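Trainee: This is the feature table in TrEMBL:
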type    : residues                                      : note
BINDING : A:201, A:226-227, A:240-244, A:257-264, A:278 : FAD binding site
DOMAIN  : A:3-181                                       : domain 'Electron transfer flavoprotein alpha/beta-subunit N-terminal'
């Protein structure tokens, strides 16, 4: 049976890490064809073709596919679906927008955030913000799923697979792109960074949050924040780690001034090593931390900067 | 303009859920239930659009058990005009899947003919993040997910979306489905007088059977377990000790 993987692209560039991790999740399901749907996707298609496990790349190019709008992308995926037993994508904002619509067009359910693949119809996925894990069996003829990339490793490279062009479907003209206000950053992407440094309510102000950012930059890390820090305006929402933000699982997660609300823990508890710095020695974050340092972050963070 | 807002009754956001030891699911008996927080934001946005004179009527819909009437009353107290309960199960432990919910909502939409559906981006119980997109797909409508700003003008909704790495603004032709993210607004506190007043607002009863939608699950839940627990590690006394441990013991620096 063959799997169709909808690749994530941004301005014609492949989100290689997310696609490579999704490929390793899908490996038990059979041959994988990757669909690159973009305005100009030739470069992304070549990149995808060289990822291990890809049997073929389907390249669909068209104006309506340039900005990831859901309606033309979902119509395209649905038009190709009859050849496939599984339709998958990384569980990012891009695919979460598109795949449930695809599932509805095919009259099947969608499985979001799959964290384990047991067989063609059997998967694990977290519910209640990761406070429970469900094993579910699909009874649908086509299984549509998104994969939580942070729990899978990335596949390696291979000799490039063939790239085949497919026609984009007619643009239904239901929505138009107006603008992207992308945050240009030299820092690693939060969802795939090896190290994440996060700040919480204890950081105290937007100005103080600069110290968290400097520490992250010094460590070559991505910057994260708790929901409290985001709600208080210390950090932008797309830095939010937790149930209502991003789920991360880096090698090292450094939580500074974060108490460890259930909703935050749900987003980072799968990190390999967790370090917590907090002045409250009863903070719940210490229950999940591998290394706990009780003390004033305003003296600890500068000292840490100096010693790294 | 008429707005339809679907709302879901879920375990309250502040409750630490307990997984039943027999693997059959999450304990829902005697647990505080509330409106899904993302749906609260959706209701709030609809009410604000009405207060600004953009919307004329707000209809809230909930699908599930009879107890979801409490959730609908909350939405009415926030400012919705009328409510519809679609009775789809009598079992409080049964979650109606997003596909079935979207099908039921599409029937309600056909009857009510709203110009806009505003929904929460996901429910905090099944975390599926699917109903709004599915509804838009079934109706053949445009969709704008994860909204942090909504403006209505000239027959379209201009929506700023929270996407990975920043914000995207799109224009969607009405009628459309918009799903909302956290930063769109802060829902109002419901006052006692408004709760009393909401009791007089109309609440209509429908059933899944009468809407001719099969709600049989497509996904069989085999078991529900607690995730692997982390154990607390060690306390370090100083920054020096921390750096040393990270280098030598954890090997992450």
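Here the Cβ of each residue, glycine as well, is placed from N, Cα and C on the backbone.
Automatic prediction, not curation, is the source of TrEMBL annotations.
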Trainee: Non-local Cβ contacts of residue A:261 (FAD binding site) (under 8 Å, 6 or more apart, same chain)?
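Mentor: In sequence order, the residues whose Cβ lies under 8 Å from that of residue A:261 (FAD binding site) (at least 6 apart) are A:226, A:227, A:228, A:242, A:284.
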Trainee: Is residue A:243 (FAD binding site) helix, strand or coil when read with DSSP?
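Mentor: Assignment for residue A:243 (FAD binding site) reads coil.
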Trainee: Given the binding-site residues A:201, A:264, which one is most crowded in terms of C-beta atoms within 10 angstroms?
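Mentor: It comes out as A:264.
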Trainee: Taking chain B as the partner, extract the binding-site residues from A:201, A:258, A:264 whose Cβ is under 8 Å from a partner Cβ; order them by sequence and answer 'none' if none remain.
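Mentor: Listed binding-site residues meeting the cut-off: none at all.
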Trainee: Please list, in sequence order, the residues in the chain of residue A:240 (FAD binding site) that are at least six apart in sequence and whose C-beta is under 8 Å away from its C-beta.
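Mentor: Once residues fewer than 6 apart are set aside, residue A:240 (FAD binding site) is near A:224, A:225, A:226, A:227, A:230, A:246, A:267.
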Trainee: Within its own chain, what residues at least 6 apart in sequence put their Cβ under 8 Å from the Cβ of residue A:258 (FAD binding site), listed in sequence order?
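Mentor: A:198, A:199, A:200, A:201, A:202, A:226, A:229, A:264, A:276, A:278, A:283, A:285 - these are the non-local Cβ neighbours of residue A:258 (FAD binding site), listed in sequence order.
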Trainee: According to DSSP, does residue A:264 (FAD binding site) fall in a helix, a strand, or coil?
Mentor: helix
Trainee: Using a 10 Å radius around its CB, how many other CB atoms surround residue A:243 (FAD binding site)?
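Mentor: For residue A:243 (FAD binding site), the 10 Å Cβ neighbour count is 23.
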